[in-house]
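These features come from Swiss-Prot:
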ACT_SITE  TYR137  active site, proton donor/acceptor
ACT_SITE  LYS165  active site, schiff-base intermediate with substrate
BINDING   THR49, ILE207  pyruvate binding site
SITE      THR48  site 'Part of a proton relay during catalysis'
SITE      TYR111  site 'Part of a proton relay during catalysis'
Amino acid sequence: MAAKTKFRGSFTALVTPFKNGSLDEAAFRSLVNWQISEGTNGLVPVGTTGESPTLSHDEHKKVVEWCIEEAKGRVPVVAGAGSNSTKEAIELAQHAEKAGADAVLVVTPYYNKPTQEGMYQHFKAINDAIGIPIIIYNIPPRSVIDMSVDTMKRLWELKNIAGVKDATASMVRVSQQRAAMGEDFNQLSGEDATILGYMAHGGHGCISVTSNVAPRLCSEFHTAWQKGDHATALKLHDKLMPLHNNLFIESNPAPIKYAMSLLGKLDETLRLPMVPVTEPTRVAVRSAMVHAGLIN
């Protein structure tokens, strides 16, 4: 098998700022630059955290283009390109490649619940249509299907399949996938709260919600881990843990948008059916921000 691209460290699952119901381009571009200056290792626009379900295709493509333009090659951009329609996923992936993305993140098809063979054919069709790496996004709590290790192993044989964003929250799965695909199969956690255990089982990084508001701390955690400084990594994990928990009290991305509004980074606006968080969640998020040293 030919060598495949390595993805390591803290990748931020970027929020999408809105203003007066429209995309806030200036705020988004500012976020990209702030993330890079704070040491984040990669950027992932238009995923779940970026409210991709409520973006039009035109808006989706614009956000990808803005991210790539603003990143200027300083960090990898892994563009969201998921859909439960294979044809649409191919269209989004081809656009991302043409725009200059380093890779695409493709979620397992949700709602229509394909079989394991259906999932294989979905990802194979996307693989055959583009020439950049594909990261499988396996998130059973949202998609209601779980890609098996055997299916993932079949896909790993294809030229562009590079790894997985694993949101199963299963530590066993990390070791199973490493045993099946080897060390070169990129394993990126999709669950902030389990990242310490994920790395201990052989993970390579995280596509993080928390790093929207704490990019430097998240990056420092991964740097410490990669250096073998597990004591420092544990201290950073403890510092971040209340955020990892409290940013998911209500549905993502409502809590993280509130957290970012506390830093003055964006307007808290969400698109329906997402709504702003309740007062008890605001108190919990603010407390976690104080614990992490992000606000007074």
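Quick reminder: no glycine exception, Cβ is built from N, Cα and C everywhere.
Predicted, not measured: the structure shown is a model, and the values here were computed from it.
In the three-state DSSP assignment, the secondary structure recorded for LYS165 (active site, schiff-base intermediate with substrate) is strand. Cα proximity to TYR137 (active site, proton donor/acceptor) (within 10 Å) is found for the following recorded positions from THR49, TYR111, LYS165: LYS165. Applying an 8 A CB threshold to same-chain residues 6+ apart, the list for TYR111 (site 'Part of a proton relay during catalysis') reads ASN84, SER143, VAL144. The residue listed as 'active site, schiff-base intermediate with substrate' has its Cα within 10 Å of the Cα of these recorded positions: ILE207, taken from THR48, THR49, ILE207. Listed in sequence order, ALA13, VAL107, ILE139, ARG142, ASN252, PRO253 are the same-chain residues at least 6 apart in sequence whose CB falls under 8 Å from the CB of THR48 (site 'Part of a proton relay during catalysis').
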